There are 2 protein chains.
Amino acid sequence: MQKIYNPEKNTWADILERPTQTVADIENVVLDVFNDVKTNGDDAIKQYTEKFDKVSLDSILVSEEELENAKQLVSQELKDAIVLAKSNIEAFHAVQKTDKVSLETTKGVNCWQEKRPIQKVGLYIPGGTAPLFSTILMLAVPANIAGCNEIVLCSPPNKEGKINPAILFTANLCGVTKIFKVGGIQAIAGMTFGTNTIPQVYKIFGPGNQFVTVAKQLATKFGVAIDMPAGPSELLVVADDTANPSFVASDLLSQAEHGKDSQVILVSTSKKLIEQVEIEVENQCNLLPRKEIAEAAIANSKLIYIESDQEALELINEYGPEHFIVCVEDEDFYIDNIMNAGSVFIGNYTPESAGDYASGTNHTLPTNGYAKQYSGVNLDSFMKSMTFQKLSAEGIKNIGNAIEIMADAEGLQAHKNAVTLRLKSLSDIT
Amino acid sequence: MQKIYNPEKNTWADILERPTQTVADIENVVLDVFNDVKTNGDDAIKQYTEKFDKVSLDSILVSEEELENAKQLVSQELKDAIVLAKSNIEAFHAVQKTDKVSLETTKGVNCWQEKRPIQKVGLYIPGGTAPLFSTILMLAVPANIAGCNEIVLCSPPNKEGKINPAILFTANLCGVTKIFKVGGIQAIAGMTFGTNTIPQVYKIFGPGNQFVTVAKQLATKFGVAIDMPAGPSELLVVADDTANPSFVASDLLSQAEHGKDSQVILVSTSKKLIEQVEIEVENQCNLLPRKEIAEAAIANSKLIYIESDQEALELINEYGPEHFIVCVEDEDFYIDNIMNAGSVFIGNYTPESAGDYASGTNHTLPTNGYAKQYSGVNLDSFMKSMTFQKLSAEGIKNIGNAIEIMADAEGLQAHKNAVTLRLKSLSDIT
């Protein structure tokens, strides 16, 4: 790990630079698959599944029987854990519901705002070694609370044409409408255009490799919304001597094991803590099954000593971490003043893992500094807000003249006329 | 206007198709300007201003003196109208503020969600014949309520190097931090990368021509968020015999005068009303200064007769109009069941112009069917929601085991270990 002491402000940008991804070269591959799926629908999907997932499937829709089997295959212990996590996630997302907001802005001018569900949403869950059933909890649970009609899930099949039972169990538990054994670019293309089998959706959620990331970006060009732009996962911990170095090290490593491009930063006002954490990281890392990945990520990581909390805060806001752990004596200083972070974890007993799985908060969060302008996934991600207004005769009389003057000044006579006609009809009456 | 009677459902997609825009050919132009501004900053800005706006400027930052002058140049009548509109917009966006949402999901597991302002936002206001000062109200007012630190506005100068005084007056009134005389692609590029003069922003809002639209789309590739994807403005009116045909016609025309590619649709369960509106549109259109534009848009527009309200509703939800006017006897049916619309205007005395200018609702709305998945601009557009959590020793004991089991099942041992270490330390104590 790189240790950096009291970096000058003009070096912050370099120090905080994230691992770069070049995606331009895969954009053409993605575009080809999109065009093919748009034109050839299910046939193209089938063909790419054979090519990329090495399996030929008669039906890509997961059957009731497969769901029933999955239920048998998941251990009771894991089922219980998933149910507990679901209950917390459900509770925390349910309290995010907002009431209709209503105001009579001027006498006779009633305006209100209401949120309504996005009717069709698509969830993408990657395959590979780690079956990310926890991400299904994070996406399908709020989609259900929001009231989305159709919740489609795509996940790649393995070479036997199967999806991990924990994924099927969780998807079924969380009310996913349809599960498809389709992965990668072709899954995103399928949900973007719709095929005879896969419904077209209005918004696509979920993580994926760089192909999926580019595919989601391309989907936006075809009118589909996405949860947020993606980047490698990252964690920043601010800690002082009140922090437990062994806990801090375990949190840094839990982020580092995600991928070689994960970024891990410790900011501290204590040189002693930095030394302790460094030793702990080394010791703990050696015991991990994903040691190789964690080591590579740790090699790029930084331990930054900064003298004052104020300057540390500025640096952290400049970085805008996805996950932000606060283990300091004066935690309120950071809690109150952090402006850019995806999710904040406070104190010695709040590992990032808690939010990753079971505390109730969402783990789909803005990476890559996007915390400066994007929210993590929350209940509102599955809804859109609409406004309504109703003016009475009195209402249009009260604001009509102002509208006429403004429309006139903008050179929009028909806009003015729509008001003038109404005002005239009212003066004719009275 | 095209009249269509009881269209079959399988023809809806064709009937409701929007005017298409091809942007691929201008993407290269936009990319060139972006690269130039990224590399050469203010010099490039100056050069493109000379090229596109035909004016050479010593300073692109609007001075205090220019703001003072603008105040003198705007009529008192217009100032009063703008102040009235601002007051309504302010009131309606202020009530959209949400409190911190807080929940103890499990004993000892405290989670909360808070919204914090996006610190730096950029507003783009087009130049041209119509000075869209009303859009400044719609963007700067909520940005201020949200608490954005830096509110930058770019608008192109005219050939005399000036910006319309109504724009300057409104921007100054609404607390815009800095106003720049920069337009088009170079304005979006300037706010995306920042120059010595123009601050880099985190999110860009506002309308523009197709160059600006493509530039905003490109900005997202460089990590900047945008309000929403753009398309031509549109209006759908549903009306029956309780509607005033002259009012309906005036609303259709107020949309049609925006541009030749504006789309205007009337859906009605009354053939009589359709005939009446058609005549009224013709009569009123002849009186408009922007007659030529309105006529072109009207030529593409549709009058659709549908027998039942239920089917009309389905068609409207399929279309997802930006503006949706409801002038029918049973208005609650449409209000309660509309799922996809940007903003809804109810009754004979609620012209679209009301929401365009002064009722209090926002006029920056999703076009092109994006109402299916995007909100119009609202207070939350200028904020992002963050989550926080703090677990006590009791909290981690209560959910720790579930986290361990789930992390283990996902093959993430370091995630598990972060919990195991904490649980162990607690069992060592007790």
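For all residues, glycine too, the Cβ spot is worked out from N, Cα and C.
TrEMBL does not curate its annotations; it predicts them automatically.
Listed in sequence order, the residues of the same chain lying 6 or more apart from B:Tyr124 (NAD(+) binding site) and placing their CB within less than 8 Å of its CB are B:Leu153, B:Cys154, B:Ser155, B:Ala187, B:Ile188, B:Met191, B:Ile204, B:Phe205, B:Gly206, B:Pro207, B:Gly208, B:Val212, B:Lys216. Here TrEMBL flags B:Tyr124, B:Gln186, B:Asn209 as NAD(+) binding site.
Residues or ranges marked as substrate binding site in TrEMBL: B:Ser233, B:Gln255, B:His258, B:His323, B:Asp356, B:Glu410, B:His415. A coil conformation is recorded for B:Glu410 (substrate binding site) in the three-state DSSP classification, outside any helix or strand.
Applying an 8 A CB threshold to same-chain residues 6+ apart, the list for B:His258 (substrate binding site) reads B:Pro232, B:Ser233, B:Ile293, B:Ala297. What TrEMBL lists as Zn(2+) binding site is B:Gln255, B:His258, B:Asp356, B:His415.
The secondary structure of B:Glu322 (active site, proton acceptor), as reduced to three states from DSSP, is coil rather than helix or strand. Counting only same-chain residues at least 6 apart in sequence, those with a Cβ under 8 Å from the Cβ of B:Glu322 (active site, proton acceptor) are B:Ser233, B:Glu234, B:Leu235, B:Ala341, B:Gly342, B:Ser343, B:Leu365, B:Pro366, B:Thr367, B:Asn368, B:Ala371. If you look up TrEMBL, you'll see B:Glu322 (among others) marked as active site, proton acceptor.
A 10 Å cutoff on Cβ-Cβ distances gives B:His323 (substrate binding site) a total of 25 other Cβ atoms nearby, all chains included. Residues annotated as active site, proton acceptor in TrEMBL: B:His323 (among others).
The 10 Å shell around the Cβ of B:Gln186 (NAD(+) binding site) contains 29 further Cβ atoms across the protein chains shown. Here the CA atom of B:Gln255 (substrate binding site) lies 17 Å from the CA atom of B:Asn209 (NAD(+) binding site).
For the binding-site residues B:Ser233, B:Gln255, the ranking by surrounding Cβ atoms (within 10 Å, all protein chains) places B:Gln255 first.
Chain A lies within reach of B:Glu410, taking the recorded positions B:Asn209, B:Glu322, B:His323, B:Glu410 and requiring a CB-CB distance under 8 A. Shown in sequence order, B:Ser134, B:His363 are the residues of the chain, 6+ apart in sequence, with a C-beta less than 8 angstroms from the C-beta of B:Asp356 (substrate binding site). Once Cβ contacts within 10 Å are tallied over all protein chains shown, the binding-site residues B:Asn209, B:Glu410, B:His415 are led by B:His415. B:Gln186 (NAD(+) binding site) is 47 Å away from B:Glu410 (substrate binding site) when you measure Cα to Cα. Here B:His323 (substrate binding site) is positioned 31 angstrom away from B:Gln186 (NAD(+) binding site), judged by their C-alpha atoms.
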